[in-house]
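Participant: Below is a structure I'd like to ask you about.
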Amino acid sequence: MTDMRIGVLGAGGKVGSSVCRAILEEPGYELVAAVDPKLAGIDLGQMLGRNAAGLIARRDVEALISEAPEVVIDFTEARASFHNLLKLAQAQIPAVVGTTGFTDDEMRRLGEAFEGVGCVIASNFSIGAILMMRCAAMCAPFFESVEIVEAHHDQKVDAPSGTSLETAMRITDARRVANQPGFLQDRTSNLKVEGARGGVVDGDVRIHSLRLRGAVAHHEVIFGTASQTLTIRHDSHDRSSFVPGVLLAVDRVTGLDRLVVGIDGFLGQD
């Protein structure tokens, strides 16, 4: 069996570089194209701080498509990713996407573009984070209040994180399915600092976003009811924690014929 030909968009980024290292090291995959406009012309090995890899970083998605990858992994930013994905769909190339921040209209258009072609878009590829969200949804019907705290590195440009938003939506959906009313709301009325109580998702779940140097990705869901609290927490200490989920999606995406959001369906018991 020949190795699967892989292309990476955002190869010089924090997650993209971890993905490139994994593709170079894992058996069964061949990295045939790596795109990063800021590092175009540089050997990928040099870019990753290792020996020369004999693969030069390319400038754009057209150069990547010319290398005929079987799957493309995208960890860029929403605006660039959206246009790149439309081109990949047109070229009938399956995609695995970790970029977040797409609008509802962009997601709709991507869904239409990938009719007949596999695409996986996930806010988090950490398997532990996926299980954290599942646990939170399972607990939601049994508690009267909940808040989410997420912490990320200080270079992250969006807040709250896509994972915390998805967690909040899963929690509220789980309560609706269980025919439970909305969570109890606190009586705070005198905010001495604007935003001290965080932001509210779906009218029910508060999210507090921390941006700290030294942090990677951390999510904590705190449930409360009479005389007890329950805390569910997941921590990614290094971006390599996302790699197993990315490779799982790469292995599955070629068998899809549409856009799928999240990797839950690949983990079973969903």
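Our numbering is plain: 1 for the first residue shown, then up by one each step along the chain.
Any Cβ shown, glycine's included, is placed from N, Cα and C.
Pasting the feature list from TrEMBL:
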- HIS152: active site, proton donor/acceptor (ACT_SITE)
- LYS156: active site, proton donor (ACT_SITE)
- GLY10, ALA11, GLY12, GLY13, LYS14, VAL15, ASP36, GLY98, THR99, THR100, ALA122, SER123, ASN124, PHE125: NAD(+) binding site (BINDING)
- HIS153, GLY162, THR163: (S)-2,3,4,5-tetrahydrodipicolinate binding site (BINDING)
- 4-125: domain 'Dihydrodipicolinate reductase N-terminal' (DOMAIN)
- 128-262: domain 'Dihydrodipicolinate reductase C-terminal' (DOMAIN)
Participant: Rounded to the nearest angstrom, how far is the Cα of ASN124 (NAD(+) binding site) from the Cα of GLY162 ((S)-2,3,4,5-tetrahydrodipicolinate binding site)?
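Facilitator: With distance taken Cα to Cα, ASN124 (NAD(+) binding site) is 8 Å from GLY162 ((S)-2,3,4,5-tetrahydrodipicolinate binding site).
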Participant: Can you name every residue in this chain, apart from HIS153, GLY162, THR163, with its Cβ inside 8 Å of the center of the Cβ atoms of the recorded (S)-2,3,4,5-tetrahydrodipicolinate site?
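Facilitator: Nearby residues not in the site list: THR100, SER123, ASN124, GLU150, HIS152, LYS156, ASP158, SER161, SER164, ALA217, HIS219.
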Participant: Could you say whether, by DSSP, GLY162 ((S)-2,3,4,5-tetrahydrodipicolinate binding site) belongs to a helix, a strand or a coil region?
Facilitator: helix
Participant: Reported as an integer number of Å, what is the Cα distance between ASN124 (NAD(+) binding site) and THR163 ((S)-2,3,4,5-tetrahydrodipicolinate binding site)?
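Facilitator: Computed Cα spacing between ASN124 (NAD(+) binding site) and THR163 ((S)-2,3,4,5-tetrahydrodipicolinate binding site) is 6 Å.
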Participant: As a test of the contact definition, list every same-chain residue at least 6 positions from LYS14 (NAD(+) binding site) whose Cβ is closer than 8 Å to its Cβ.
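Facilitator: Listed in sequence order: HIS153, GLN155, ARG239.
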Participant: How big is the Cα-to-Cα gap, in Å, between THR99 (NAD(+) binding site) and HIS152 (active site, proton donor/acceptor)?
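Facilitator: That separation, Cα to Cα, works out to 15 Å.
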Participant: In angstrom units, rounded to an integer, how far apart are the Cα atoms of HIS152 (active site, proton donor/acceptor) and THR163 ((S)-2,3,4,5-tetrahydrodipicolinate binding site)?
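Facilitator: Computed Cα spacing between HIS152 (active site, proton donor/acceptor) and THR163 ((S)-2,3,4,5-tetrahydrodipicolinate binding site) is 11 Å.
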Participant: List nothing but the largest Cα to Cα distance in Å, as a whole number, among the residues GLY10, ALA11, GLY12, GLY13, LYS14, VAL15, ASP36, GLY98, THR99, THR100, ALA122, SER123, ASN124, PHE125 that the record says bind NAD(+).
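Facilitator: Value for the max Cα separation, rounded to a whole number: 21 Å.
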Participant: Count the Cβ atoms, other than its own, that fall within 10 Å of the Cβ of HIS153 ((S)-2,3,4,5-tetrahydrodipicolinate binding site), considering every protein chain shown.
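Facilitator: The Cβ of HIS153 ((S)-2,3,4,5-tetrahydrodipicolinate binding site) has 14 Cβ neighbours within 10 Å.
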Participant: What's the most sparsely packed of the binding-site residues GLY10, GLY12, GLY162, counting other C-beta atoms within 10 A?
Facilitator: GLY162
